[in-house]
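See structure below.
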């Protein structure tokens, strides 16, 4: 095995500032780095070469130079300095000194200085012109030649941030985080950019959702001969970045134009801007076979007019860290599915997760390089696709600014399982990008000779023409050398979203709009608002325990669905409280365990104005500096008892626990959390107590980090607000939700409760939330390749019809039979040996229907309930709502069979109360164009009576969905037996998401479940008479077959009235 050299630093004695560990003799020798030139270096190289040729040693390392003041001209990879220095270092890094005596520091410095000087003097270059080398260090062994790695220059090693004055800052991502880390304040000097937008929600590009105007102001559509061909990102008034492979075929800038400021490809908005592309610079090391260095810089013919809808994204520092697991955003006008059938007119957006590099590399046969980064999900479903190439992968940092982490590059298919998207890693190529944009007189790297004037093909005919060969061996090419930020790209303006409202303060703050904080509740005793509360379920609110020190519960009412204390606007709801549970360890003296769980007298109906916030996991981390939102109707300034009529909102930062304790001269407990600003100005105040501190963890999804508890004054300097920390209290919250009422009810009228020494507080905060906030665990069981998370989707033009506004079910005494007299009859023995799933036989489940999209592929299941009526899941039609796109295939368990009946769908009726976010009322009726031909293979199932099925009832689920989580779909109908779980058990597994229209079925240990592609299919239970009744419709679940996460089904008995009304009409 080849020995590895320890780290070595060569420092001249006169500037010795770093301790140097002397190398030990023996097998593990210190490697001496020297850059040797013509004169004195030739002798040194000769000696070393002769010695090492005999030893046969070989080692490769990353080298870092310290102390040279590199200018932009040195960053050109075709410059003499860069080329000679790189070659010289590479030459000597292949030697490992194993037998020589250690050199003195002066000898090491002399060899280094004279070697480089001689090498450069040969070419007429002077080292003195560029500074004095302070040190060179080996940062560890690496695979591949040094020219394929990062040869970094500057004062600071590794991923340490370098201030403009040379100070090194070891803090991760210090730039633009609203905290000064450099003594010259250079880390915060150009950061007036990228504030939090007023509205945003997550979705998908493949099967995705539309972006709002101004939501992605850095997004550009690149037009080749007037057709959208690729995406690009604005980084300066005259500069865009895109993918180099976009210009493999069309290389003449005259063929290209850029459209910005519009979410519509037609550019119909007044804000749309079009300009010509003046020149295209592809990275000189770009490899079309491996897609390595897949980046291009485009100069525009005229500068873009920055405004509300046109803004640049922030370029990250070379040391910027985007950790695996971070949620980021992709956007583009690429195809909505892999087979090129759908191209959106409106810009699509999606949330993806950054993946571990080693993991992603293993998925792609280890063909990834350091210039690539992966994002997506291992189970597929969300991805960029053809036409999105060159577009942005942007990540929001705690400061609220958006940084360009990647450029859409390549992938296998679109949204396929275990085939995430691959993006060009911007941090590795940032310095080359800035080199191009800052060198105004630098000749652009040729993209190729101009193409002849032949007719172009605007759209590729196959995915392969978009995806470079991903398995070719990458070629070695030197990485760019880091460069100090250039001002040409106007970083002070980057990342902004001025079309969106910006957050402000609660004390002296701004008003929220209807639906902006849909989880906010006002607790009133008579007409008086006294505390806030937060919706965490359809029957549950959270508030502060101290709110009930002197409060009579029976006199309290919760007001929701409106931002007005007077109940004006929105969808106001007023409900009494059934019971209140204070934490058993609540301490009114120090306000420890300051949390209360409130059960409403009746369940809420979620809509766009009333939504629950997500509860975080107990292990969830809300890092210091994270900007979160507070909201409430509390006092707008300290000492002023006047409360606002309109809900107030503000943004506050999470504060380090020990620092907060020091500010209060009080040891905060683990159940407390501080948020605000050390200089004050923004805070919650009296009347905000019990309200939410909500943090947006993924775009559009807010988690409850804290409950407004206490503080000294309101918005005073060095006295931030203190909140009850939800992660430390969640176990009790969940236990209280699922416990018996008698075990949690406590009297709250005792006069022995003490008022806190400092008045309780309330809050108001800013950062708009889209309406999709909860049900993050809910994975709708619909399509396998396109849309599988409709709870976060919206639809621009739906053709589905809503009928029957009567939601109350009828109350038949027994099973409701369909119009055909022999409903629910199946061959005997249908339940034998099916636990764990097995293939169904012909005629075994004659009511099972496969819904085909465009008569091309199975998308969802359905159930025959009458001669011309099917029942399915409403979320199956979130994206594709036009009944003309759907067909019903029934009468066979084989998807490839030619024997079944194929019927056209005439109309689709989704339940009028269907909630796209929570999947409540997730049911739809499909009317066929004509009645089905009844036979032993085609027969309707019976509808159930109003009663719930008995707990533990053994029922059957069927479908063609995935055979395992993330796997492929079945070609033959599958069946499995599951147990119906009690409502209490179901709520224990899903404490927030379960409504009275849902039921759970499965096994606590997992193993048997419905999965993607089964949505809309039946949960059928057999009655003693032998008839089968439709108990549930497959809706959603967390994963497939996971322990403690059973499948969730729409309870058919809860929507019988609506079904009967439509079928009768």
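Even glycines carry a Cβ here, placed using N, Cα and C.
Taken from Swiss-Prot, the feature transmembrane segment covers 32-52, and the record attributes it to sequence analysis.
Annotation comment: Swiss-Prot describes 53-1065 as topological domain 'Extracellular', evidence class sequence analysis. Per-residue confidence over the topological domain 'Extracellular' (53-1065) averages 72 (mean pLDDT, predicted model).
Following the DSSP three-state reduction, the secondary structure of residue 168 (disulfide bond) is strand. Residues annotated as disulfide bond in Swiss-Prot, with similarity to another entry given as evidence: 156-168 (among others).
Among the features that Swiss-Prot reports, disulfide bond is placed at 163-182 (among others), with the record citing similarity to another entry. In the three-state DSSP scheme, residue 163 (disulfide bond) is classed as coil. The C-beta environment of residue 163 (disulfide bond), restricted to residues of the same chain at least 6 apart in sequence and closer than 8 Å, consists of 169, 181, 182, 183, 184, 186, 187.
Of all the Cβ atoms in the protein chains shown, 28 others lie within 10 Å of the Cβ of residue 176 (disulfide bond). Annotation comment: Swiss-Prot describes 176-191 (among others) as disulfide bond.
Per Swiss-Prot, disulfide bond is recorded for 230-246 (among others), and the stated evidence type is similarity to another entry. DSSP gives residue 230 (disulfide bond) a strand state.
Per Swiss-Prot, active site, charge relay system is recorded for 245 (among others). Look at residue 245 (active site, charge relay system): DSSP puts it in a helix.
According to Swiss-Prot, the feature active site, charge relay system maps to 294 (among others).
In the three-state DSSP scheme, residue 395 (disulfide bond) falls into the strand class. As annotated by Swiss-Prot, disulfide bond applies to 328-395 (among others), with the evidence given as similarity to another entry.
Under the heading disulfide bond, Swiss-Prot lists 385-414 (among others). Of all Cβ atoms in the protein chains displayed, 29 besides its own lie within 10 Å of the Cβ of residue 414 (disulfide bond).
In the three-state DSSP scheme, residue 389 (active site, charge relay system) falls into the coil class. Residues or ranges marked as active site, charge relay system by Swiss-Prot on the basis of similarity to another entry: 389 (among others).
Annotation comment: Swiss-Prot describes 445-500 (among others) as region 'Disordered'.
Per Swiss-Prot, the feature domain 'Peptidase S1 2' maps to 506-738.
In this structure, residue 546 (active site, charge relay system) is part of a helix by DSSP. The feature active site, charge relay system is assigned by Swiss-Prot to 546 (among others).
Sequence-distant contacts of residue 594 (active site, charge relay system), defined as residues of its own chain at least six apart whose C-beta falls under 8 angstroms from its C-beta, comprise 544, 545, 546, 583, 586, 671, 707, 709, 710, 724. Swiss-Prot lists 594 (among others) with the feature active site, charge relay system.
Marked as disulfide bond by Swiss-Prot: 628-695 (among others).
Here the candidates are the recorded positions 246, 389, 695, 860, 1040. The one whose C-alpha lies nearest to that of residue 689 (active site, charge relay system) is 695. When Cα-Cα distances from residue 395 (disulfide bond) are compared across the active-site residues 245, 294, 389, the shortest belongs to 389. A distance of 6 Å separates the Cα atom of residue 294 (active site, charge relay system) from that of residue 245 (active site, charge relay system).
Taking the disulfide-bonded residues 168, 230, 328 in turn and counting surrounding C-beta atoms within 10 angstroms, the largest count is reached at 230. The two recorded residues, residue 955 (disulfide bond) and residue 695 (disulfide bond), show a Cα separation of 41 Å. Ranked by Cα separation from residue 168 (disulfide bond), the disulfide-bonded residues 176, 628, 674, 714 are led by 176. Around the Cβ of residue 714 (disulfide bond), 28 further Cβ atoms fall within 10 Å across all displayed protein chains. Per Cα geometry, 660 is the residue among the recorded positions 230, 245, 414, 660 nearest to residue 628 (disulfide bond). Looking only at Cα atoms, residue 695 (disulfide bond) sits nearest to 328 among the disulfide-bonded residues 230, 328, 414, 714, 860. Look at residue 660 (disulfide bond): DSSP puts it in a helix.
For residue 176 (disulfide bond), the nearest of the recorded positions 245, 246, 674, 860, 1040 in terms of C-alpha separation is 674.
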